[in-house]
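What Swiss-Prot says about this protein:
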- M1: N-acetylmethionine (MOD_RES)
- S122: phosphoserine (MOD_RES)
- 245-269: repeat 'LRR 1' (REPEAT)
- 275-298: repeat 'LRR 2' (REPEAT)
- 304-327: repeat 'LRR 3' (REPEAT)
- 336-363: repeat 'LRR 4' (REPEAT)
- 391-418: repeat 'LRR 5' (REPEAT)
- 423-447: repeat 'LRR 6' (REPEAT)
- 485-510: repeat 'LRR 7' (REPEAT)
- 547-570: repeat 'LRR 8' (REPEAT)
- 574-597: repeat 'LRR 9' (REPEAT)
- 658-682: repeat 'LRR 10' (REPEAT)
- T920: phosphothreonine (MOD_RES)
- 962-985: repeat 'LRR 11' (REPEAT)
- S972: phosphoserine (MOD_RES)
- S1096: phosphoserine (MOD_RES)
- 1191-1204: compositional bias 'Polar residues' (COMPBIAS)
- T1229: phosphothreonine (MOD_RES)
- 1245-1263: compositional bias 'Low complexity' (COMPBIAS)
- S1281: phosphoserine (MOD_RES)
- S1289: phosphoserine (MOD_RES)
- S1291: phosphoserine (MOD_RES)
- S1295: phosphoserine (MOD_RES)
- 1317-1330: compositional bias 'Low complexity' (COMPBIAS)
- S1319: phosphoserine (MOD_RES)
- S1328: phosphoserine (MOD_RES)
- S1335: phosphoserine (MOD_RES)
- S1363: phosphoserine (MOD_RES)
Amino acid sequence: MTDESSDVPRELMESIKDVIGRKIKISVKKKVKLEVKGDRVENKVLVLTSCRAFLLSARIPSKLELTFSYLEIHGVICHKPAQMVVETEKCNMSMKMVSPEDVSEVLAHIGTCLRRIFPGLSPLRIMKKVSMEPSERLASLQALWDSQTLAEPGPCGGFSQMYACVCDWLGFSYKEEVQWDVDTIYLTQDTRELNLQDFSHLEHRDLIPIIAALEYNQWFTKLSSKDLKLSTDVCEQILRVVSRSNRLEELVLENAGLRIDFAQKLAGALAHNPNSGLHTINLAGNSLEDRGVSSLSIQFAKLPKGLKHLNLSKTSLSPKGVNSLCQSLSANPLTASTLTHLDLSGNALRGDDLSHMYNFLAQPNTIVHLDLSNTECSLEMVCSALLRGCLQCLAVLNLSRSVFSHRKGKEVPPSFKQFFSSSLALIQINLSGTKLSPEPLKALLLGLACNHSLKGVSLDLSNCELGHCLRSGGAQVLEGCIAEIHNITSLDISDNGLESDLSTLIVWLSKNRSIQHLALGKNFNNMKSKNLTPVLDNLVQMIQDEDSPLQSLSLADSKLKAEVTIIINALGSNTSLTKVDISGNGMGDMGAKMLAKALQINTKLRTVIWDKNNITAQGFQDIAVAMEKNYTLRFMPIPMYDAAQALKTNPEKTEEALQKIENYLLRNHETRKYLQEQAYRLQQGIVTSTTQQMIDRICVKVQDHLNSLRACGGDAIQEDLKAAERLMRDAKNSKTLLPNLYHVGGASWAGASGLSSSPIQETLESMAGEVTRVVDEQLKDLLESMVDAAETLCPNVMRKAHIRQDLIHASTEKISIPRTFVKNVLLEQSGIDILNKISEVKLTVASFLSDRIVDEILDSLSSSHRKLANHFSRLNKSLPQREDLEVELVEEKPVKRAILTVEDLTEVERLEDLDTCMMTPKSKRKSIHSRMLRPVSRAFEMEFDLDKALEEVPIHIEDPPFPSVRQEKRSSGLISELPSEEGRRLEHFTKLRPKRNKKQQPTQAAVCTISILPQDGEQNGLMGRVDEGVDEFFTKKVTKMDCKRSSSRSSDAHELGEGDEKKKRDSRRSGFLNLIKSRSRSERPPTVLMTEELSSPKGAMRSPPVDTTRKEIKAAEHNGAPDRTEEIKTPEPLEEGPAEEAGRAERSDSRGSPQGGRRYVQVMGSGLLAEMKAKQERRAACAQKKLGNDVISQDPSSPVSCNTERLEGGATVPKLQPGLPEARFGSGTPEKNAKAEPRVDGGCRSRSSSSMPTSPKPLLQSPKPSPSARPSIPQKPRTASRPEDTPDSPSGPSSPKVALLPPILKKVSSDKERDGQNSSQSSPRSFSQEASRRSWGPAQEYQEQKQRSSGKDGHQGSKCSDSGEEAEKEFIFV
């Protein structure tokens, strides 16, 4: 680190570090006087770092006055010796320094940093304008910069450093993934194209610094973007790069949403950059229109290098804009010799006003690819122009959907035929969709037939059935000409309506000996079956011909259906076709079966396309079986349409068959080509760059100690210094270690620059000659043996004169193997494999040697650094006055700059955080491993957090049984009882099926059965009260429940006995949906008390068990099945007293529920409350009378007393006593009451008296109507099971399901409360007292609850099972 300047006090320097960040390395610091208004000056401190300057106040505490990036500098003026004026984008600063040397030092540092960050660029160019007087000062600075030795730039011309500097300049966050992609992927691919599609997942604003770095980068020459809508800011940055960069050569912005204004601005940018190297422009798919293209055309005429590639397809051009463009192209003398690709397709150019375009094409030029498709331009006019200017180079001519304005009775222009007969380079002619009458077609074919310069021409005449294209007359022209054309290798005549003439046309096509690819699709649509068979027979004869050159046949979209099997059956023994396209024929599974049979024996086919054939899973399976036996087919695209349909009906078999087909294709397809340099570049990009970063880091530390100890005496110190210097030289040379090791001796075995053969190639060539000689001898012997065998079998025929010699002579040509075959096999296949293996071994050895040597260098450097550090520390103890120097030397840990908004450090900064002692071979390998892992994209972090979204979904484990009930919606007359043992073995397969809501309201008679329900079960009697529970709704408090029984450790015997079988069934329900519903559908223990479980993260909390309760529960469980009741949630208001308790209860509920969401309270008006209260009182009187009559009518041997227990919520719960009639709650046996009674008692033990009440209670009110009697309202899923989800519990003949009262929310005991349960029972609230409170009325009840809620903290202990945790206020929504 640089020594502190003498004119900057130490205290001030410490304050400056606090302002700009202590881990930012300060390179230069100078005291300056900043000129302000007038002649007034202020004392400031100028601090320079690697890419930014800071101007701070010269007092303590210091304050940041101004900061600017070196890239913001627009000019530096030094007209006075000690004065420097810096011009930036924001302001101008005039600073006076102590001496002229200080000015030179500041400028020298800025220039050095710019040269290091932007290699290949002069600092004077980046700073734009530097003026110094006298001029010798600037010359000395330039000489200083030129004399500095720069390190090798990083990957892709040091793009990552430039990107970081530009992010600092523009104030954008640094994206590590951009740096990783460029330094790794781009380096490995050795590409010079920066594709914005690679970063399309980032925000548009993050693309700005990536593009801005191209202004200074000397590696990338192409900027491309396709189908990516670019924002205005991104477009502005692209324009800036175009206007300033002389390295950018290709600009591709296809379908980027650009408009006229961008084209005009691009023209301005080109005008601003006279040294532009741009020669390729692709603006296809952007609505530039005539105005935009006209502006660009002016600059096209001035491009210093001319245009090579111009694509303006689909840019809304008219003939006027095209004329303007072609006029400008003609004005540039370089265009005639440089332009090779011109694409104006997709623009409406119909009409005769294209004179400038025709003139441009008529001039001698070098256009190789001309695309005027979909322009409706005049075909004969274009060909006439091409005849004069494009005969030498034009290879690809696309004039599809153009217009041939030929009138019947007039001759075809001779230039049309002459162009095709005179062209020297045409290989592709596309006239599809063009209206061609027989005369132009004949001229075209005869022109090609007369041209002996062309070879391998591809002619596309598809879809020419647009009027009088190829009907009859056209077919006859084809028949008369096609057989003699020798230079057409690919012919597409599909979709031309040739049905009636196809039979004879195929005969003539079979006589052509040059066509290798033939497309006949969409020509069979209107043919009858009797006419189709002869056509297909002729086609079969054509492909079965031994001398047929045909290699590819397309019958796509011909709708041949079963008739296509005629062709398929001929494929089995076919020896010429390598590609067949039978898609779109609807052949079905039978056709697939035939294709499978053909593939089992065919060894020539390499490609089969077979989509849109209505093939099902069975057809795919047949093909998969055939592919197992086929080892030559290599390309068989997945039939997407058929596969999509088959996956809907039979996904398992379809997926299995498709996977098998792909596996067999992979087996057949063997890739031999290997990029030998790709693995080397990847090794160099990741391993070597990371290693060199570590070496550079430790070398800096060693060099600091060398500088500090160089003047010290002592033999030991001097010896260590010399050893360190030798190690530094080795470390510097190690940067080229891997390249030198990898390329050493390359010319000796791989050939020197490809001019001479390598020893391996020479050996293989000599071997090929020897193998060819041996093969020829073997084949001759084989021929002689065959003729001898023929004489033995047919001696009479073979005795004829000269027959033997004639057979041998005729067979010699057929049995010989081309001499180039063996050579190609050995050199191109075996030779490539050998060379690839050698390259792999060479890279492995070079990497191993380089890695071991670098490990030794790192180890030695670390040891040397420790020795020098020890010397320095001992020396520092003897020289305390140099303490400030030691502080500066130690302070080298970089951090995030305060100016930068960078959240993540780069790899270099992370390496700088390592201590020197950690720079070992082990840490190097760990760093390399980290370097190979691509950073997580920020774009994903901005999406939803999947872990957070799933944290509330319960883990799919077997839930403990919950208290649950079942509402029976059917009338008692329709219930058929089953024996209890029989019921346990039955399984309700439709229990998950949603049930229809009842539309008919319950009758009044059913309402009256709330007091006494007969044995046959009248459960619907509880549903008739619409206004039931209104007072509880406004007075009840939300409290915790003490019926938590989810813990398996605290489960009683009755929870395990009846729930085991159901738990086994529930455990088999898996999947994400059942996972969420698992808690709501869990089995609950039998009870008559309606409760809801509110789970807590800390486990279940329940009241202490009672011995008598357990005994009674076991007895009841042994005797019969429990009753099921329906659980009905009652919304309860939150009041000032119980607000916290309600919040805790709901918080526990939200944690336990799968959704964990908030619930809300419905609010009802006071007028409705009063009206419903009056109805409630009248019905209560009726119910009391009915209950009295029913009690009198019961068996006198079973006296009962019905008690209700009022809890804090204001709800009432039936309290069963021994004297209560057995039919009171739908049970005709004492076991039912014995089973239900302890459940209520035990469940309410913490809130009620332990002793049995002696006074009777008032009669029960009508309970709240069930949800089935209300309009169905969508509700959030809750923890409690729904009636539709709860399975039917088995019961005996006398145990019908009974719908009881609404549930009450009860407090869950905490650990502290549970310990004090026994003592709290000394002052219980009796059931008679609770009953008397029930008869007060709403007002007294409300006051009583307020009093109880205000003092319940002292009575009841903890309010929440999770004590100490602040509950959040949540509500219940019904």
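Cβ coordinates are placed from backbone N, Cα and C, and glycine is handled just like the others.
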Positions whose Cβ lies under 8 angstroms from the repeat 'LRR 5' (391-418), at least six residues beyond its ends: 340, 345, 350, 364-380, 382-384, 424-437, 439-440, 443-444, 446-447, 460
Intrachain neighbours beyond the repeat 'LRR 1' (245-269), with Cβ under 8 angstroms and 6 or more residues off its ends: 193, 214-215, 217-218, 220-230, 235, 238-239, 275-289, 291-293, 295-296, 298-299, 309, 311
Whole-number mean of pLDDT values that fall within the repeat 'LRR 8' (547-570): 93
Top partner of the repeat 'LRR 3' (304-327) among 275-298, 423-447, 485-510 - counted as Cβ pairs under 8 Å: 275-298
Neighbour tally for S122 (phosphoserine), based on other Cβ positions within 10 Å of its Cβ: 14
Helix-strand-coil residue split for the repeat 'LRR 4' (336-363), DSSP-based: 11 helix, 3 strand, 14 coil
Secondary structure at S122 (phosphoserine), reduced by DSSP to three states: coil
For the repeat 'LRR 9' (574-597), the number of residues DSSP places in helix, strand and coil: 10 helix, 3 strand, 11 coil
Secondary structure composition of the repeat 'LRR 6' (423-447) [DSSP: H/G/I, E/B, coil]: 10 helix, 3 strand, 12 coil
